[in-house]
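As recorded in Swiss-Prot:
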type    : residues                              : note
BINDING : 41-48, 68-72, 95-98, 162-165, 196-198 : GTP binding site
BINDING : S48, T70                              : Mg(2+) binding site
DOMAIN  : 33-217                                : domain 'EngB-type G'
Amino acid sequence: MSETGTATEKPLFGRPWIFIRGVPAMKFLPPEGPPEIAFAGRSNVGKSSLINALVGHKGLARTSNTPGRTQELNYFVPEGYSGEPGDLPPMALVDMPGYGYAQAPKDHVDAWTKLVFDYLRGRATLKRVYVLIDSRHGIKKNDEEVLSLLDKAAVSYQVVLTKTDKIKDVGVPRLIGETLEKIRKRPAAYPEVLATSSEKSFGLDDLRAEIVRTVLL
């Protein structure tokens with residue numbers, strides 16, 4: 001277990017975070033600069049809730065019980081930086097539209113999916129993708145497709161199990177083991193699976209510490 005509030009974590013997670021930009025298409029991406037950490041996952045897997053829990057701000061990333069509510073690449077950074085050269089934030093968190101089911105017209109869903117895939121394939125400052133998997137359902141076919149895309153693009157990713165408070169405690173270690181076995185031969189997968197619960201604040205320190213290590217690499 002990581003130590004909360006270490007010197008390396010303080011600059012990233014010891015201050016308020018703000019929303020800076022929603023990106024509906026690749027041409028609206030900010031200039032490449034600070035390292036980016038992205039969160040991917042099926043619709044309603046809990047991406048926005050996890051980001052809010054990580055930074056300690058419940059209303060930062062917009063959450064909804066309606067799958068497919070996030071429709072853009074949403075950028076969040078620590079507060080206190082002008083964004084001018086020489087005063088850039090140390091990193092950005094990117095909340096991506098969910099893939100899979102969404103209550104929206106098919107052409108909209110197709111556009112979000114293309115945006116996500118184009119971003120994952122072609123962003124030089126993308127340091128790691130955290131692929132969120134609902135612990136109640138495990139890795140599904142559309143998750144496998146995203147993992148394969150990341151493998152082909154040689155983009156480092158790590159699997160994070162969400163909503164572990166919804167399953168029995170004894171089931172978490174088993175699920176971690178099963179998930180590790182599924183990704184064992186994937187070339188771009190980080191060989192450690194994290195288990196989290198935004199509702200119970202479980203596993204958040206471990207995820208924060210992993211993000212810090214990734215950004216500082």
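Including glycine, each Cβ sits where the backbone N, Cα and C put it.
Overlay of Swiss-Prot annotations on the structure.
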residue: G41; record: GTP binding site; DSSP class: strand
residue: K47; record: GTP binding site; DSSP class: helix
residue: E72; record: GTP binding site; DSSP class: coil
residue: P97; record: GTP binding site; DSSP class: coil
residue: K163; record: GTP binding site; DSSP class: coil
residue: T196; record: GTP binding site; DSSP class: coil
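Ranked by how many other Cβ atoms sit within 10 Å of their Cβ, the binding-site residues K47, K163 place K163 at the bottom.
In this view, S48 (Mg(2+) binding site) is surrounded by 21 other Cβ atoms within 10 Å of its Cβ, with every protein chain counted.
Between the C-alpha atoms of K163 (GTP binding site) and S48 (Mg(2+) binding site), the distance comes to 13 Å. Sequence-distant neighbours of E72 (GTP binding site) (same chain, six or more apart, CB under 8 Å from its CB) are G22, V23, P24, P97, L115, listed in sequence order. Within 10 Å of the C-beta atom of G41 (GTP binding site) sit 26 other C-beta atoms, taking all shown protein chains into account. Sparsest Cβ environment among the binding-site residues N44, T196 (other Cβ atoms counted within 10 Å): N44. Take the CB of P97 (GTP binding site) and look out to 10 A: across all protein chains shown you find 26 other CB atoms. Across the structure, S48 (Mg(2+) binding site) and G41 (GTP binding site) are spaced 11 Å apart at their Cα atoms. Looking just at the domain 'EngB-type G' (33-217), the mean pLDDT is 88.
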